[in-house]
Amino acid sequence: MTGLVVKAELHCHIEGAIPPALARAQAKRYGVDTASFIAGDRYVWHDFTTFMAAYDEAAALFRTPEDYALLAEAYLGELDSAGAIYSEIFVSPDHARTAGLSAEAYIEGLAEGIARAKDKSGIECRMIVVGVRHLGAEAVEGAARFAASRPHPLITGFGMAGEERFGRVADYARAFDIARDAGLGITIHAGELVGPESVRDALDEVRPSRIGHGVRAIEDLDLVRRLADEGTVLEVCPGSNIALNVFPDFGAHPFRQLMDAGVKVTLASDDPPFFDTSLAREYALGSEAFGLSDVQLREMTRTAIEAAFVDEPTRQALLAKL
Ligand SMILES: Nc1ncnc2[nH]cnc12
Ligand SMILES: [Zn+2]
């Protein structure tokens, strides 16, 4: 039934959306051995650290603007087929630079793929530049300065991904100040690998309108009330959380508790092929694991579009499609 529900996605890392078969094809072109991180049609990893290592290896196989154009076009085509009308992708200039591609060329390639997808299906997409937390505060400030220079109109947000157990949120506050001052939307990964204190620090130090994951806020009901009161939107990625063992199974996942407590929740796929998921599967889980009706799923899509980092005319046009 959820196939009929109009969808929107606020949380997908474009490097995390590389299908293993495409990574293999890229590796063949560039003469890279994938044995350490792909087996058959699956990425090989067993915890967050080895997941990040496999992710970095896959990202390093994308080296030209056209490589990224094809990736963005393919991912958005898949989303369109699943009924999505809007997507935000996290983009990481640090990963591009490691692969020998300038941040500018990387963004141009992605923007080309986004434009091709929009021409084909009408799907809207925006880019959120992310800094990589475990590269340190200076690197994250560099990513923020790049985003704040507003190198492309489709870049509308700034965020931070990577190893949440590295450093303290306060170390990164300046990066977020730079991005906020430039008018970018703000989101931050928190409450995924670390508990409620990480979410509280994110709220206090960064003042985001959205939090990536945030699900471990459930360990502190005062914090859950604060999220509800302040209207902070959570980009919840249940398939990712179970794959990374943040919770043992969907029965233990707090999506429904957060929603019932009045927290604004949305569903997203994070790094779909790494976690055997897709936006379609996350919406199906919304129904099958969390008991949401199609009407509730559609309302959740509305929450996502209301929280999207887009200009008002685009937001209104998207809302009119619901
Ligand atoms: N689930 C995740 N958490 C933090 N950083 C990430 N980068 C890509 N996926 C991530
Ligand atoms: Zn993420």
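Each Cβ is built from the backbone N, Cα and C atoms, and glycine gets one as well.
Predicted automatically and left uncurated, TrEMBL annotations should be read as such.
TrEMBL lists HIS11, HIS13, HIS189 as Zn(2+)-binding residues, and of the candidates ASP80, ASP119, ASP260, ASP270 the one it assigns to that same site is ASP270. Within 8 Å of the centroid of the Cβ atoms of HIS11, HIS13, HIS189, ASP270, where the record puts Zn(2+), the same chain has further Cβ atoms from CYS12, GLY16, PHE90, ALA161, GLY212, HIS213, GLU235, CYS237, SER240, ALA268, ASP271.
Taken in sequence order, the recorded positions GLU192, HIS213, ASP271 that lie near ligand 2, meaning a CB under 6 Å from one of its atoms, form an empty set.
For GLU192 (active site, proton donor), the same-chain residues 6+ apart in sequence whose C-beta sits under 8 angstroms from its C-beta are GLU164, GLY212, HIS213, GLY214, VAL215, ARG216, ASN241, LEU244, VAL246. Residues HIS13, ASP270, ASP271, taken from the binding-site residues HIS11, HIS13, ASP270, ASP271, are distinguished by a CB atom under 6 angstroms from ligand 1. Each of the recorded positions HIS11, HIS189, HIS213 was assessed for Cβ neighbours inside 10 Å, and the highest tally belongs to HIS11.
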